[in-house]
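Enquirer: Please read through the structure below; I'll follow up with questions.
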Amino acid sequence: MDHISWMVPNNKRNGLHKDQINKASRQEDWVEKDRAAAAKTSPPPMAAPIWIWAFSVSLTVVPFVLGNSEGDALYTLRRSLTDPDNVLQSWDPTLVNPCTWFHITCNQDNRVTRVDLGNSNLSGHLVSELGKLEHLQYLELYKNNIEGTIPTELGNLKSLISLDLYNNNISGTIPPSLGKLKSLVFLRLNDNWLTGPIPRELAGISSLKVVDVSNNDLCGTIPTSGPFEHIPLNNFERNPRLEGPELLGLASYDTNCS
């Protein structure tokens with residue numbers, strides 16, 4: 001018994017004890033009520049934002065080389081071609097850039113400078129996206145079974161030195177936009193099904209050394225100005241509707257094209 005309890009009568013001590021128990025019980029009830037109220041008002045655990053989920057899904061679905069327009073353009077070409085010999089098997093769209101793909105050459109800045117797919121048994125058609133290969137110097141697609149037309153967008157390839165599309169099944173006209181290729185040296189379009197006149201815009205390419213459009217169905221006359229002054233006539237033969245060298249002022253360049 002402590003030194004205070006002996007001074008308090010038993011009945012009062014018992015009363016104090018009961019009051020303390022009741023007070024403690026009421027305090028416990030208040031704590032439980034506070035906890036229950038807090039549980040009702042507390043927000044649920046934070047779920048991952050929907051945009052994060054959508055972005056993660058997009059990374060697994062999009063088949064293109066993310067962030068690389070040249071890889072996207074080349075992969076679009078791959079999808080437009082039939083490749084029975086699997087020469088394009090290494091063209092993996094999940095890689096950072098296309099510089100490790102077979103038949104692709106890049107410069108030190110990882111920009112595509114060559115596409116070498118000549119004599120590869122490919123069929124299908126060319127795509128306008130090729131015009132996005134700003135640093136391309138050589139586009140070699142000769143001796144395949146490519147059909148369709150020459151995309152006008154190839155005129156955007158300002159660094160192009162060689163355009164070799166010979167021995168295919170390409171039809172349509174030669175785009176005048178090719179006259180914008182001021183670095184072009186080799187233009188070989190022979191042995192196709194091309195129609196229409198030879199664009200006079202090509203005469204403005206001073207760097208042009210080799211032009212071969214033989215064995216097509218071109219019409220009109222053969223240009224004689226600019227680089228065409230030194231192109232041999234046999235590079236124009238086997239075009240039944242193509243007239244001889246243009247006589248300036250005496251015949252229209254698009255004669256026989258109607």
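Glycine is treated like the rest: Cβ placed from N, Cα and C.
In TrEMBL, annotation is done automatically, which means it is predicted and not curated.
Dumping what TrEMBL says about this protein:
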- 16-37: compositional bias 'Basic and acidic residues' (COMPBIAS)
- 68-107: domain 'Leucine-rich repeat-containing N-terminal plant-type' (DOMAIN)
- 116-213: domain 'Disease resistance R13L4/SHOC-2-like LRR' (DOMAIN)
- 1-40: region 'Disordered' (REGION)
- 50-69: transmembrane segment (TRANSMEM)
Enquirer: Across the whole of the domain 'Disease resistance R13L4/SHOC-2-like LRR' (116-213), what does the mean pLDDT come to? Round it, please.
Expert: 98
Enquirer: Treating G and I as helix alongside H, and B as strand alongside E, what does DSSP give for the domain 'Disease resistance R13L4/SHOC-2-like LRR' (116-213) in helix, strand and coil?
Expert: 20 helix, 26 strand, 52 coil
Enquirer: So how many of the residues in the domain 'Leucine-rich repeat-containing N-terminal plant-type' (68-107) end up helix, strand or coil by DSSP?
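Expert: Secondary-structure breakdown of the domain 'Leucine-rich repeat-containing N-terminal plant-type' (68-107): 15 helix, 5 strand, 20 coil.
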